[in-house]
Structures are given as structure tokens and as C-alpha cells.
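Under the heading domain 'FAD-binding FR-type', TrEMBL lists B:5-105. TrEMBL lists B:C241, B:C246, B:C249, B:C257 with the feature [2Fe-2S] cluster binding site.
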Amino acid sequence: MSIVTTEQGFLARAGLDRLIDALRARDYAVIGPRVRDGAIVYGSIGAAADLPTGVRDAQSPGRYALEPSPLARQFAWANGPQALKPLVFRPRERLWASWRTPTGELHFGAAAEAIEPTAVIGVRACDLAALELQDRHFLREPFPDPAYRARRDALFLVAVHCTHPADTCFCASTGDGPEAESGFDLALHEIDDGFIVAAGSDVGAAVLAGLDLPAADQARMDAARAGVAAAAAAQSRALPSQDLRATLLERLESPHWDAVAERCLSCGNCTAVCPTCFCHAEFDEPASDGIVSEHYRQWDSCFTAGHSYLHGIVIRAETRARYRQWLTHKLAHWHDQYGRSGCVGCGRCISWCPVGIDLTAEVVALAGEGKA
Amino acid sequence: MTLHELPAPAEIVERTEESASIFTLHLRFVDPARQAAFRSSPGQFNMLGMHGVGEVPISISSDPDETGLIGHTIRAVGRVTHALATLRPGDRVGLRGPYGRGWPLQEAEGGDVVLVTGGLGCAPVVSVIDYIMRRRARFGRLVIIQGVKHAEDLIWRQRYEAWACAPDTQVWLAADVGGPHWAWDVGPVTVLLDHAEFDHSKAHALMCGPEPMMKAVAERLLADGMPPERVWLSMERNMHCAVGHCGHCQLGPLFVCRDGPVFPYPVLAPWLRHRSL
Ligand SMILES: Cc1cc2nc3c(=O)[nH]c(=O)nc-3n(C[C@H](O)[C@H](O)[C@H](O)COP(=O)(O)OP(=O)(O)OC[C@H]3O[C@@H](n4cnc5c(N)ncnc54)[C@H](O)[C@@H]3O)c2cc1C
Ligand code: SF4
Ligand code: SF4
Ligand code: FES
């Protein structure tokens with residue numbers, strides 16, 4: 001693993017505000033990790049002091065909690081529930097409005113949205129990989145989504161390579177982390193006394209040049225490399241392979257799906273936190289005036305009955321079939337649809353499952369059951 | 001910023017009552033340029049939107065070469081389709097499409113065509129019959145096989161009787177449960193394949209209806225020597241977006257809205273084997 005570009009510089013910890021100011025000077029709204037309601041989520045960042053210093057997350061199946069940390073670092077934690085997904089694929093979004101005139105004419109108008117250039121600080125490698133997967137889905141020809149495109153193009157991404165993975169993380173096994181390799185404008189290695197900043201795009205290089213940083217010395221470079229290597233080594237979970245297509249599709253009738261269904265509540269939390277899940281529902285909301293109706297799309301989950309409803313029948317009526325759909329879509333059919341697994345190893349579905357179902361353990365159990 | 005897939009207003013020019021719950025809307029885009037630019041092939045579908053209620057996928061039942069009106073034959077089953085059933089000439093709906101991949105009618109030219117439908121009248125297949133009847137010389141024998149549950153479920157009885165008299169055309173009907181005026185077979189659709197005469201090696205089979213019926217017929221045709229890639233099925237799944245984004249229509253690796261709804265049997269076979277996919 002290496003730092004992606006040769007253009008790099010050392011930013012002392014006290015100088016982090018210079019980076020934030022430089023982004024703001026380029027008219028970006030700056031957002032980054034903030035502690036809110038007991039979790040680290042993205043919010044508006046005015047200064048480096050807003051970043052979550054002195055806390056870290058404790059995660060395990062079915063559990064996420066913040067705890068005090070003695071480290072004087074801003075990024076010594078692993079991802080909270082929120083990924084980049086809501087910034088590009090909105091949880092709820094108006095697609096169009098229709099209205100009827102008194103003479104019975106019907107008109108349609110596209111939803112207009114002012115899109116603000118946004119810089120995101122603290123993006124993790126797994127979430128960059130997930131964003132790239134969402135790009136493959138939403139920007140696919142012949143119907144690339146223009147709203148997604150516009151919001152995507154307005155993003156400036158400042159990655160921070162992971163040094164403190166959670167117990168639930170397994171990005172090393174999916175090949176998506178802990179070091180961000182591409183997809184960012186700037187990437188930071190956090191070390192004891194500050195950051196090594198590298199550029200990953202032309203606009204990132206321009207911001208970096210403007211900061212006029214001294215080159216990082218060898219000792220700091222070594223510390224950075226050691227930090228991500230230790231993060232990879234610290235991960236205790238893993239998927240057994242980056243291509244589980246055959247393994248899972250040979251086991252579509254395994255009794256193990258029933259065993260998971262005995263625990264799974266079909267609540268859909270896993271799909272809500274997953275940074276690659278793209279399912280959504282569309283529906284009309286008529287205004288009370290009876291004239292205007294708005295057409296929305298909103299995140300949906302394959303764990304709902306409505307997801308597979310056809311008048312009179314629900315195709316995936318049982319939890320067994322829904323969990324099978326989620327896992328085989330994520331780990332098998334994504335290969336057919338988008339050329340790789342749909343899982344980036346972020347571990348969110350493990351931490352945020354109310355009953356602590358762990359997909360890595362379920363895959364291992366399924367594989368052990370033999371083909372069925 | 002605009003969205004590609006904005007519906008456009010279309011006016012109901014004509015409405016045909018097909019049965020107590022089935023009706024056909026003949027539509028025309030309000031914008032003449034949009035109407036002139038509309039091109040579809042049999043088996044494709046549109047999203048039909050009822051203002052303030054919602055959108056549903058409905059097959060295009062009109063002939064693609066007749067650019068005058070766009071036909072949709074609809075069975076009122078639920079919220080949106082019941083609302084569509086109230087529409088009268090002059091009323092307007094939102095229309096976007098056409099979407100999906102239709103029947104392989106060009107590939108089927110020169111050989112026999114076997115159409116198998118189950119359930120209550122299948123609009124996607126009726127449009128194929130009309131299509132072939134208008135271009136009769138280009139196709140070999142036409143075999144129309146339709147299965148219904150109860151004798152009284154058969155709609156378009158006169159049309160079946162008229163087709164039965166057309167040259168080189170066979171009509172075979174079966175009801176699971178017959179009745180006093182049912183002159184045709186009683187039993188599953190597959191029994192009709194015993195009567196049908198066509199050249200398995202050169203025919204294309206096109207079917208739509210309940211999945212277990214299509215699966216049983218496909219297996220029977222394969223056993224009789226029909227090459228699997230000549231057997232085509234039209235699939236139905238819940239659909240919201242029609243453009244491969246919302247995920248609702250997935251069947252294994254397939255997005256039915258984008259990759260189908262019509263698929264050759266080998267593409268579907270691995271997934272039809274399993275229940276509740
Ligand atoms: C490719 C395709 C072509 C079709 N062509 C025709 C046709 O030519 N004529 C016809 O009468 N019907 C057709 N259907 C079925 C038709 O779309 C459903 O009957 C209709 O969506 C039911 O909507 P509803 O609101 O009236 O029913 P409800 O039972 O109230 O359904 C509520 C919602 O569930 C979804 N839904 C329910 N059933 C279906 C279904 N079978 N397919 C897709 N989504 C569904 C829709 O979003 C619907 O609005 C087709 C379906 C597909 C997928
Ligand atoms: S499946 Fe779970 S671990 Fe994989 S990307 Fe989705 S939320 Fe993260
Ligand atoms: S696996 Fe867990 S989070 Fe996902 S639906 Fe089941 S109970 Fe909910
Ligand atoms: S209907 Fe939305 S993906 Fe097919």
C-alpha cells in the first residue's frame with residue numbers, strides 16, 4: 001500500500017483549520033463527523049474544534065456506543081450509522097409534481113433543487129468504495145439519474161485513512177480498506193502530531209498546493225503506513241472470499257435460511273444503514289387542494305412485504321426469503337449486475353441489527369451446511 | 001436540473017369495455033411531437049399514472065406500426081387500476097415509456113409461432129396475435145393456446161372464434177373447470193400441447209401468465225424437442241421506477257423492467273427453480 005500521489009505535504013494538527021478555511025474559500029459547504037445523539041454522524045463543520053476529539057466508538061453485533069478516548073486525535077474512530085449515501089441518494093426526494101387545471105389539463109414539472117457544492121471531511125475507504133458502487137447503479141446507461149449526477153458532481157471528498165476500525169469492520173477482507181486508494185480529492189493520514197495530506201484529483205491538488213505544506217519526512221510516512229497496516233491487522237471479522245456468488249447460489253435451499261429467519265425481525269435496519277443498498281419506493285402524495293400531486297421516491301427495503309407485492313400475492317412473504325434476497329443480492333447478484341460484490345465491509349449492518357445478526361458469520365455457517 | 005423520465009400528459013381518445021373488469025384505453029400524447037416520436041414493440045410496457053393516485057406498469061396492446069393511438073388493456077384489480085377504470089374519453093393520464101424488451105417477433109419470422117397464455121386474458125399476447133394477423137405471410141403456423149381456471153373466465157370469446165377460422169391458425173382452449181357451454185378441453189394447459197401441430201425445430205413459443213403454468217409449459221416444450229432459447233416468457237414483478245433504479249422488480253440478477261419483461265427461457269430457468277425468489 002502506498003500513498004496514492006507523489007504530491008503530499010505535512011499539516012500540523014493545529015493547522016487543520018487552514019484546510020477547512022481553504023475549502024470554504026472555494027465556496028464549499030463543509031461537513032464532517034460530529035457527535036450527535038450518541039453517534040458520530042455528518043454535520044456542518046465550522047472549525048476543527050467541531051470534530052469528535054476524545055471519543056471513540058465501541059461496536060459489536062447489535063451494539064454501538066461512544067466512549068471517552070485518551071487520544072488527542074480527530075479521526076480515531078470507525079464509521080457511525082451514516083454513510084455518504086444520503087448526500088447523493090436522498091432518503092426522500094421529490095421527483096416531479098403534477099397539477100390539473102380547472103379545464104382538465106394535466107401538467108408535469110420536474111423537481112428543482114439548488115445543489116450546494118459540498119466538501120466532506122473524514123470519508124472512509126469503505127464509503128468511497130460504496131459511493132463508487134452507487135455510481136455504477138444510478139449512473140448506468142440508458143437512464144443515468146440526473147439528480148444523483150448533479151449532487152455527485154458537487155462533492156469534494158476528503159478521505160481519512162482508517163487507523164481505528166471497529167470490532168465489526170471487515171473492509172480488509174473485501175479489499176475496500178482501511179486505506180483509501182481512489183475516489184477522493186484529498187486524503188489524510190492521521191498521525192500523532194498531525195496529517196499527511198495527499199491529492200487524488202486535480203481540484204484536490206490545487207487545494208493542496210494552496211496550503212503550501214512542507215513535504216512529510218520519512219519518519220512520518222512510516223508512521224502513517226504503520227497506522228493503516230495495524231488497522232488492517234486489527235480486523236477480526238472477514239468474508240471468506242471476495243466472490244461468494246457460487247457459494248451462495250448453490251445454497252438457495254439451505255436450511256440455514258430458516259435458522260436466520262428465526263432470529264431476523266425483518267426490520268430492515270441493515271438495509272437502511274448499508275451504504276450500497278439502492279432500493280426505493282415511489283409514490284404520489286396529493287395535496288389537500290386536489291389540484292397538485294407530488295411524486296416522491298423514498299428509501300425502501302427488501303425486508304418489507306410491499307417490496308415484492310403483486311396484486312394478491314407477496315412473492316417473498318417469509319423472512320427466510322427476504323434475508324436470502326438481501327444476502328444473495330449483496331454478495332452474489334451484485335457480481336452479475338455491477339461486476340463486484342455489493343458489500344464493502346463497513347460492518348454497519350452488524351452493529352445496527354437489533355438482534356446482532358452478523359453476515360460474515362451467516363456466510364460461514366451457510367458454506368458449512370454444504371450445497372442445497 | 002430536470003429528470004429524464006418525466007411523464008407526459010396523454011388524453012383518452014377512446015375507451016373499450018372488454019369485460020366487467022377489463023377495459024382498453026386508447027391514448028394519445030397531448031404533445032403531437034411526443035406522439036409522433038413514440039415507437040414501441042409488442043411486449044414493451046408504459047408507466048401509466050393516475051393523477052394523485054400513482055403509476056402502474058401496463059403492456060402496450062396496440063400495433064407499433066399504427067402510430068395514431070397507444071392502446072392499454074387493463075384489468076381493474078387494485079388502487080391505481082380501479083382509478084384508471086373510471087376514466088372516460090377526454091380525461092388525461094401521465095404516460096412515460098416505452099420500457100423494457102419485448103417479444104422476439106423479428107427472429108420468429110419464417111417459422112411457426114406458439115402462443116401460450118394462462119389466467120384471465122393476457123394483453124401482451126393478444127397484441128402479438130393482432131401483430132401476426134396483420135403480417136400473416138411472414139409467419140408460419142400460428143398456434144394459440146389459452147388456459148383459464150373457470151369456463152366463465154374466458155374473455156374475447158368471439159375473437160378466439162374468429163382467429164380459429166383464420167388460415168394456418170389453431171386455437172386450443174382449456175378450462176381447469178368446464179361448464180355447460182364449454183366446448184373445449186378441460187384440464188391444465190399442457191394437455192393442449194398434445195393437440196397442437198407445429199414444427200418444434202423452427203417454432204418460437206411466447207407465453208405469459210402464472211409462473212407455475214409457464215414453467216410447466218416450458219418444460220414440456222423442451223421435452224418435446226424445442227430449443228430452450230426459442231421459448232420466451234413475459235414476467236411480472238412489482239415495479240416503481242421502470243428504469244432499473246428502484247430494485248423492486250429484481251429476480252435473481254435480473255431487473256425485470258430493464259432486462260425484460262420478456263426473457264428467453266435459459267435466462268430465467270435458474271431462478272424459476274426456486275420458490276419466493
Ligand atoms: C411489465 C408489466 C406489464 C403489465 N401489463 C399489464 C397489462 O397489460 N394489463 C393489466 O391489467 N395489468 C398489467 N400488469 C399488472 C399491473 O401492473 C398491476 O395489475 C397493477 O400494478 C396493479 O396496481 P393496483 O394499484 O391497481 O393494485 P394494488 O393491488 O392496489 O397494488 C398496489 C401497488 O403494488 C404494485 N403492484 C401490484 N400488482 C402489481 C403487478 N402485478 N405488477 C407490478 N406492480 C404491481 C403497484 O405499484 C401498485 O400500484 C403488468 C405488470 C407488469 C410488471
Ligand atoms: S452489507 Fe453490511 S458490511 Fe456490507 S456494505 Fe452493507 S452494511 Fe456494510
Ligand atoms: S438482519 Fe437484523 S437489521 Fe436486517 S432485517 Fe433482520 S433483524 Fe433487521
Ligand atoms: S421497476 Fe424499478 S428497478 Fe425495475
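Placement of Cβ uses the backbone N, Cα and C atoms for every residue, glycine included.
What TrEMBL annotates, mapped onto the structure for a quick look.
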| residue | record | contacts (Cβ under 8 Å, 6+ apart) |
| --- | --- | --- |
| B:C241 | [2Fe-2S] cluster binding site | B:E5, B:H248, B:C257 |
| B:C246 | [2Fe-2S] cluster binding site | B:M239, B:H240 |
| B:C249 | [2Fe-2S] cluster binding site | B:R237, B:N238, B:M239, B:F255, B:V256, B:C257 |
Chain-mates of B:C241, B:C246, B:C249, B:C257 with C-beta within 8 Å of site centroid, [2Fe-2S] cluster: B:M239, B:H240, B:A242, B:V243, B:G244, B:H245, B:G247, B:H248, B:F255, B:V256, B:R258
PLDDT averaged over the residues of the domain 'FAD-binding FR-type' (B:5-105): 93
Structural state of B:C257 ([2Fe-2S] cluster binding site), classified by DSSP into three states: helix
Secondary structure tally of the domain 'FAD-binding FR-type' (B:5-105) (DSSP, helix then strand then coil): 14 helix, 45 strand, 42 coil
B:C257 ([2Fe-2S] cluster binding site) CB neighbourhood, other CB atoms within 10 A: 27
